[in-house]
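Reviewing the structure listed below.
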Amino acid sequence: MKHFPSKVLTTAILATFCSGALAATNDDDVKKAATVAIAAAYNNGQEINGFKAGETIYDIDEDGTITKKDATAADVEADDFKGLGLKKVVTNLTKTVNENKQNVDAKVKAAESEIEKLTTKLADTDAALADTDAALDATTNALNKLGENITTFAEETKTNIVKIDEKLEAVADTVDKHAEAFNDIADSLDETNTKADEAVKTANEAKQTAEETKQNVDAKVKAAETAAGKAEAAAGTANTAADKAEAVAAKVTDIKADIATNKDNIAKKANSADVYTREESDSKFVRIDGLNATTEKLDTRLASAEKSIADHDTRLNGLDKTVSDLRKETRQGLAEQAALSGLFQPYNVGRFNVTAAVGGYKSESAVAIGTGFRFTENFAAKAGVAVGTSSGSSAAYHVGVNYEW
């Protein structure tokens, strides 16, 4: 027989047999209908409360035949509710619905929260867009103003360039004029220098002529004096003296004529148009004196510059010595630090240690010695001193503690 756990099918069979039993007059039919009703009620109870493998179930055929059997796992699997019963299924469904409702409510709340956040962000975005629009408007206005300023500046610059070109042309003309004037002055100076040279030459020649004339006059005066002496000595002889006196007078007249001629020559040379006046000569000598003064000033400045250079050489030599000393001290210090870094600290509790190390840096070297004491496993102290091996080096030292945990 086949078990029909469906409540609808069982109810239909029960209704069929009940209606048949009411119409029948046979007691067997009535009993059969009652049995079917009981089995159906039992099955309905199982449909509501559920069943499991091993429990008693009743199979009712279409003709009303009832078969009692123990439920198997296959019967439980074949049941519409998998043996759970309508009550359990409804309970599970109610629980699932409640859970789904809670999940839906939570999701709705989360969605509402997200919507609020999005609304806030949208409002912030709108405000930011408004600020951006305002900033863009301000930027556009500023750019427009800047463009106007650039245009105005360009026009003013163009005008200024034209004015500058005109001024440059005027300056160029002025420079050309000054250049021509300077050239004229240079030519005039060259001519003046030439005339000065010629004047100096003429003055030297006049001076030499004057000296020669003076020498001739002196010689002739001496000759006249000698002749006069001789005339006085010869006064005893009248005729002879008269003749000699006339001769001497003639010579004196000749000497005076020569003197007058020399004076005229000197005057002519002194008044010549090719000779500078005294004022012009004085001006030339003033310029020469100015050049001499400038030369003396330049000599003074040159001497001062030479002294300054000598002072700088002295300072540079001192600075070079200072740098050399600093380089040596630095290398000594690095060598001493290298030696100090090689010292060991004590490792055993309650023990002193004595340690030594050497260190070096380039051409300098140093020796370091130190001692330490470990008080506990966690705490120790040490100290050390280092001295360079070269002369004049200073000592370096360190003191340190160590705590471990």
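Residue numbers in this text run from 1 along the chain shown.
Heads up, the Cβ atoms here are built off N, Cα and C, so glycines get one too.
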Can you dig out which of the ranges 124-135, 160-171, 232-243, 364-375 Swiss-Prot describes as transmembrane segment? 364-375
Other than its close neighbours in sequence, what residues sit by the transmembrane segment (364-375), given a CB gap under 8 Å and a spacing of at least six beyond its ends? 328, 331-332, 334-336, 338-340, 342-358, 381-390, 393, 396
So if I exclude everything within five residues of the ends of the region 'Outer membrane translocation of the passenger domain' (312-350), which remaining residues of that chain have a CB under 8 angstroms from its CBs? That is, six or more out. 356-370, 372-377, 380, 382, 384, 386-388, 390, 393-398, 402
